[in-house]
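Per TrEMBL, the feature domain 'MacB-like periplasmic core' maps to A:20-236. Annotated transmembrane segment per TrEMBL: A:21-42, A:278-300, A:321-347, A:367-395, A:416-436, A:665-686, A:698-726, A:746-771, in sequence order. Residues or ranges marked as domain 'ABC3 transporter permease C-terminal' by TrEMBL: A:281-392, A:665-778.
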Amino acid sequence: MLKNYLKVAFRNLWKKKGFSFINITGLSIGMASAVLILLWIYSEISFDQFHEKSERIYQMYNRSVFDGKLWCWGTTPKPMGAALRKDYPQVENAARVTQGTFLTSVGEKHLNSSGYLTDPDFLKIFSFPLLKGDAARALGKAGSIVITEKLAQKLFGEADAFGKVIRIDSIAQFTVTGIMKDLPANTRFDFEFLLPWSYMKTIGWDDNYWGNNSVQTYVLLKPGVTEAMANNRFRNITKSHSDTKDIEVFVHPITKWRLYSKFENGQIVGGRIGVVRLFGIIAGFILLIACINFMNLSTARSEKRAKEVGIRKVVGAQKGLLVSQFLGESILISLLAGMVAMIIVQLSLSGFNELTDKHLSIPYGSVLFWLASLVFVMLTGIIAGSYPAFYLSAYKPVSVLKGTFKAAHALVTPRKILVVMQFTFAIGLIICTIIVNQQIRYAQARETGYKKDNLVYTFIQGDVEKHYTAISNELLNSGAVTSITKTSAPITQKWSDSWGYSWKGKDPNAKLDFCIYNVDGNFAKTTGLRILRGRDIDVKTYPTDSNAMLLNEAAVKIMGFKDPIGQTVTNGDDGKWHVVGVIPDFILSSPYEPVSPMIVQGPKAWFNVIHLRLNSARATSDNLAKTEAIFKKYNPDYPPAFKFVDDEYGHKFAEEKRIGTLSGLFAGLTIVISCLGLFALATYMAENRIKEIGVRKVLGASVSSITTLLSTDFLKLVCISFVVAVPLAWWGMHTWLQSYTYRVPISIWVFAVTGVISVFIAVATISYQAIKAAIANPVKSLRTE
Amino acid sequence: MINITNLQKFYRTEEVETIALNNLSFGIKEGEFVAIMGPSGCGKSTLLNILGLLDDPDDGSYLFNGIEVAKFNERKRSDLRKHNIGFVFQSFNLIDELTVFENVELPLIYTKVGAAERKRRVEEVLDKMQIMHRRNHFPQQLSGGQQQRVAVARAVVNNPKLILADEPTGNLDSSNGNDVMQLLTDLNEQGTTIIMVTHSEHDARYTHRIIRMLDGQAVTENILV
Ligand SMILES: Nc1ncnc2c1ncn2[C@@H]1O[C@H](COP(=O)(O)OP(=O)(O)O)[C@@H](O)[C@H]1O
Ligand SMILES: [Mg+2]
């Protein structure tokens, strides 16, 4: 019996090659898209879930009220780690983590590497296995360093790195006490080395101040300690160790780090899980659309198979048998499509990885994967085949064999509903793609406030600070650089904020947060920023300017200054600044958000970065070569590295661009699959109406009137889809845009353009079959009866 | 073998109600060869479909081998049908995707006959119908006469007690038609009951008895033997 079914199934596939091709292509594209997305989702939900003790690992979090709102954040004071370990029996291990980029050298080989400074417990909490060395002791001594395989390879080549010495920033010597297996892709941690916390003291980064929240603290709780118990015990840890009275501490479990990290008013309100769900829905829909094709084509073809069903029933097949026969056929097709899909996935994986910034791969070795694939194929086959199977097997043999059987030409048929569903989804995705791209362009067009071109920056490392004046003079004299400024951070990144500032007339109860940025002078000249009032900081002309300060317009407004120039702003006991100028609200962090109040402190503050304006009259490559040579001369150990501000600024749009590209891709795929289906439906329609067309032509109908007649049925469906899709897409995009303060208004013409595009695509798909049917010789078609 | 009493069948389409069978009663004994004749639209096919358990009557009784089957559900009908009844149609109704052999094999598959036994029986019946040499051909590659012989082969392969033939020669020329009639006669002589709808007085002469119908009723009976 099975053999008989398989035989018929294969012969059907072979005999209707076009139909099979469309079915398998559509289904495999749908399956491949779904598999890619499922791999992506799997990588998201598996983030940091590989740690053996993951059900006991937590990150310490703070919450406090600012501006009347409860905020939560994951950086903590440095002494918290030690306090947890010492005074709280619930804690098994605790480790602080802070990131650092240092020059790592072996012999004459120098590399800038980035890694963590952390406590020895780090290796006990997390499952990052050492290939060599003892995890329990590797970070125990001051002069030890743990490096990844990759860094070992970079520094030592093929030689064994274990026990060898690495110099950090040319001075400090560390012995390699552990070589770590390279980090998996699905972890939040990203480091090439681990240094013991004691090095923080050496370089002066450590402090014991409970008011400075600047490092992450991770804890491993003892077995049996619940999240609620921990929260209860840890709540007042900061309060009890300092005079801070308004910061409460809680724990955030590792299972929620990746997907549930967005807090609003102290509650988790989601995070990446939103994107994961959205992708899941999209995957489901694309697959469903591919299944719908299958259903539509199968039922459209059913008129041809009705005879087979009738005969099988006459000779004794029961309904259940027929249902399983047709289900089996669709599972077979689904299996074939699954194999094609696998090839598509393998071929497109690298492109998809690039698009999503991931390292996904097909886990060929995993039994679970093959099992899941099998279930996936069966499920797809059953979903795709169920409707046709019941539809076909419900035929009454009498009517079929007598020839009185006629396909339903009702106003609303399941087939029509399915086509409408497909096109609703396709049209919706087109609208979303257009609006996402509009939003990106809208934000890109926003005035940044400074000139991004020909502006580069580099980090202050090694001897640069010592030779700053000489470097600066030589750069200006070389003609490659027209202006230089030292700053606390790259002009595209917000590194620091603080609520510790006071001024005359400040409400003593208000806790107002400012973005902090430092410059040593020539800020406006170098960056191209305008000075709105007063002047730039200039310590050469005005010696008191080492305590000078600039404010942006938002800061002036929130501080309530009528005449800001000359005002004094203090920060604790030691910082006393006077305002010399006002700058516009330039974009430091997000191009989608309003600029927050900013304080720009003068030369007395701290610096990490040098910004250079290259001479626009000369070739950039020349400028860069000269600049690099000068840095190399004064700071020979460090490979010079300059970043272009316009590139860095461009990265701010990466996430949105990714969403835009993905939704464009999915829209394209949906359209391809839907049009394949529409094309096939048009083919069957033309076949089924061949006699009607012949009669009409004999009676004098023109080709164009018949083409129109055949096309309008389908166009009507596309129009209905459009009407359904517009409000759905509008609502979705409206919701998405709410997360951006600077957002593009949704304009009517987006919908108009989409409408025209979809009708055009539909007409292009249908017209070939419609015209072909219309120009056929009627004598031929009538003779077929 | 067959006893119908006051059989009724209506077709309702929109506002028109057609009475296809109107209080029809007759009996057919085992081993009989009966022709049903009458003008087009008088209800012959409807009757045959009901007798063949493809359709159910709206009213009346249908005793098949003494069992009341008029109110059988589809499952029971299907069970009874596949073991007892074979069909031959005017338009052959072979499955285009299956070969001659596979078409004939089909009823045996549905009655769960083993593969070796199936092969033996299909070959035997194909031999008898003299189309063995065409066993691997598809229906479209055969002439009408050959297709009808395949259809007859398929109808008898299960050794049914009853064969229902709806204008089996209607699409055939007279020589092919005579061949098919000879086949049916042979089958009848081996004990199979046959009920055949036909328009041809010539074909009717092969049978034992003719039931003439008009407007859903049996009007006369001619006993030929
Ligand atoms: N499916 C149907 N729907 C409506 N009327 C039908 C149907 N089948 C048959 N009829 C009507 O029932 C009557 C008997 O039909 P049928 O049994 O096919 O006649 P015959 O085979 O004798 O030509 C005819 O009037 C026909 O129009
Ligand atoms: Mg008839």
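The backbone N, Cα and C atoms fix where each Cβ goes, and this holds for glycine too.
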Open item on the list: I need to check the long-range neighbours of the transmembrane segment (A:278-300): which residues 6 or more away from its ends have a CB within less than 8 Å of a CB in the stretch?
Closed with: 19, 22-23, 26-27, 29-31, 33-34, 37-38, 40-41, 326, 330, 333, 380, 383-385, 387-388, 391-392, 414-415, 418-419, 421-422, 425-426, 666, 669-670, 673-674, 676-677, 680-681, 684-685
Open item on the list: If I count Cβ-Cβ pairs under 8 A between the transmembrane segment (A:416-436) and each of A:367-395, A:665-686, A:698-726, A:746-771, which range comes out on top?
Closed with: A:698-726
Open item on the list: Using a Cβ cut-off under 8 Å, which residues of the same chain at least 6 positions beyond either end of the transmembrane segment (A:665-686) come close to it?
Closed with: 18-19, 22-23, 25-26, 29-30, 33, 282, 285-286, 289-290, 292-293, 296-297, 300-301, 355, 415, 419, 422-423, 425-426, 429-430, 432-433, 693, 710, 713-714, 761-762, 765-766, 768-770, 772-773
Open item on the list: Using DSSP, what is the helix/strand/coil residue split across the domain 'ABC3 transporter permease C-terminal' (A:281-392)?
Closed with: 98 helix, 0 strand, 14 coil
- [ ] With DSSP as the reference, give the number of residues of the domain 'ABC3 transporter permease C-terminal' (A:665-778) in helix, strand and coil.
- [x] 97 helix, 0 strand, 17 coil
- [ ] Across the whole of the domain 'ABC3 transporter permease C-terminal' (A:281-392), what does the mean pLDDT come to? Round it, please.
- [x] 85
Open item on the list: Under 8 Å for C-beta pairs, could you tell me which stretch among A:321-347, A:367-395, A:698-726 has the largest tally with the transmembrane segment (A:746-771)?
Closed with: A:698-726
